[in-house]
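Okay, so here's the structure we're looking at.
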Amino acid sequence: MLTRLLSGDTPRSGLLTALLLIVLISLAFAPFLFPGTKSLETAARICIFIVLVASYDLLLGYAGIVSFAHTMFFGIGAYGTALALSTTGPNYGSLIWGTAAGAGVAALFALAIGLFSLRVKAIFFAMVTLAVASAFAVLVSQMSWLTGGEDGLNYKIPRELTPAFKLIKAKVFDVSINGKILAYYLVFFAAAILFLVMLRIVNSPFGRTLKAVRDNAFRAEAIGYRVVWYRTTATVLSAVMAALAGSLLAIWLRYTGPATTLSMEIMIDILLMVVIGGMGTLYGAVLGATLFILAQTYLQNLMGVAAEATSAVPVFSTLVAPERWLLWLGVLFILSIYFFPTGIVGRLRAGRA
Amino acid sequence: MAKEHPILETRDLTIRFGGHVAVDHVSCAFERGTLTAIVGPNGAGKTTYFNLISGQLSATSGAVLLNGETITRLSVPERTDRGIGRAFQLTNLFPTLSVRENVRLVAQAKARKGFDLFTVAESHVELLERADHVLSEVRLIDQADQTVSVLPHGDQRKLEVALLIALGPQVLMFDEPTAGMSVDEVPVILELIQKLKSDMDRTILLVEHKMDVIRTLADRIIVLHNGALVADGEPSEVIALPIVQEAYLGKAPASSGEVA
Ligand SMILES: Nc1ncnc2c1ncn2[C@@H]1O[C@H](COP(=O)(O)OP(=O)(O)OP(=O)(O)O)[C@@H](O)[C@H]1O
Ligand SMILES: [Mg+2]
């Protein structure tokens, strides 16, 4: 049953299974295990980024396609839901049509870019996605009458998903069950389902064909696979998944703007998360996203503590000053890529005797 | 009823690379159930001729016909669908995947299940069985779970042949299939090729340098030289031709003279 749910793609390493279980349990019970607004924000972000990073891995790790437009698709999903909620009101109807429209538009864009540029060299596709994504970001910030420009959009979501809504009066483990917690579980379960769907796709005949195309497109053609169609379909699927992740973000934040969805910074974060976790494994997305976001959120605090504790040691305390957290994050990446070139998952699976 | 077409035919097939004519107006027809050996010195255009037939290269002029239908403008996978299959001179596999997965992918392509998105690949038992069957035939079954990139060269050559056998097309083109194989493995592969021809009634084009192999397998030999078809006929006749003796066996021609 469990194997079927995982599409036969089990973690295949004891330590990896343990780590994944820790992440799963932590996220599933986050509101109770780590009460507090900041930790719930972090948990929701991790859920959303697991979907986003996994959808990027579908493209990069399985199909071997480098795209810089992933945040564009993420943004299209987020803006779809945001615009629907702000134009047709904070109800479930808007939520559904906005999400569906976002996913649909993302699919069309991906289809167009794929058919236009996947026929030629891989580098050309990468360049086209970079150009289109940049143009899209400019367009969104220019069309402020629609998108709110740089300020983005603030909107209401259905009341049942906001802190003002109380599901039950009593507290569970000292935590009051309000709409925010319902919203968290909406994000959590949607992310879990989307992840399992992607796990199925990569283990399907289609997913296997993607790996073949990545390995040797020339031979894949010679045995009868139409490589362009496989690459285009992978691009479309990946874009739709990214858009759905964007919709989840839009629902969770009740705000959508360029900085939270479209920025090149997020694109680079996604790339790093895929590489750190392990390309072409999907489980790598879970570990990559979790570790990265935890580091991003808590490294600064941790360093603040360290700097204070070592304030007597002159050079060391300046090195660990909280302002330098980005530097240390960079150092951590370089080390992790150096020591785990196949990512954490690759390393753990190889370590198995 | 109209006259029956040869299964495969090339008409004035030509390709130029800049000023160099690598295949030069080659017209030749291949009948069903025959094995034709294609010989010629290095650089004669044998591999290029194959590339034109299976579509990796597009002809400068001339035509390729399959069952009387022109396929010159079709893409590689379209030609594969219509029954042209190809093994490569330079091993050309899926290196990070397992040996079994390489063959399974071919079986999957043939069953046209590549766009199946929501079933688990491993649940298509018939594809795995087909893969294992072919792997037993080429004696690679013990290496089925190994990753291709760590396989010894000889085994990679066997897998190269296995992929074409798994595809099982109407026309099979082998480009020096036994090159790089150890001597005891060569007969296994030759026997398989023989079986494809006799039991399955397939049409086979075989580029091969080993004269003894050609003698035992071929019904016919064609000779390419500087891209042109310079000889065509029964193996014994063609082997005796001066141009073949000279180019192949390093012997001086027994007598000077033109060959057709
Ligand atoms: N893509 C290409 N671009 C330019 N020249 C090419 C190309 N492919 C082949 N050639 C040239 O065409 C000629 C024929 O090459 P081909 O590989 O067909 O020979 P061959 O008969 O298969 O030789 P061998 O026995 O060495 O395999 C050679 O001179 C080669 O350099
Ligand atoms: Mg050759």
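Including glycine, each Cβ sits where the backbone N, Cα and C put it.
Please treat TrEMBL annotations as automatic predictions, because they have not gone through curation.
Record features (TrEMBL):
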{"type": "TRANSMEM", "residues": "A:15-34", "note": "transmembrane segment"}
{"type": "TRANSMEM", "residues": "A:46-75", "note": "transmembrane segment"}
{"type": "TRANSMEM", "residues": "A:95-116", "note": "transmembrane segment"}
{"type": "TRANSMEM", "residues": "A:123-145", "note": "transmembrane segment"}
{"type": "TRANSMEM", "residues": "A:182-202", "note": "transmembrane segment"}
{"type": "TRANSMEM", "residues": "A:234-255", "note": "transmembrane segment"}
{"type": "TRANSMEM", "residues": "A:270-295", "note": "transmembrane segment"}
{"type": "TRANSMEM", "residues": "A:302-321", "note": "transmembrane segment"}
{"type": "TRANSMEM", "residues": "A:327-348", "note": "transmembrane segment"}
- How about the transmembrane segment (A:15-34) and the transmembrane segment (A:234-255): at least 3 CB pairs under 8 Å, pairs 6 or more apart in sequence, or not? no
- Message: Need a quick answer: max count of Cβ pairs under 8 Å to the transmembrane segment (A:234-255), which of A:123-145, A:182-202, A:327-348 is it?
- Response: A:182-202
- Have the transmembrane segment (A:123-145) and the transmembrane segment (A:270-295) got at least three CB pairs under 8 Å, pairs 6 or more apart in sequence? no
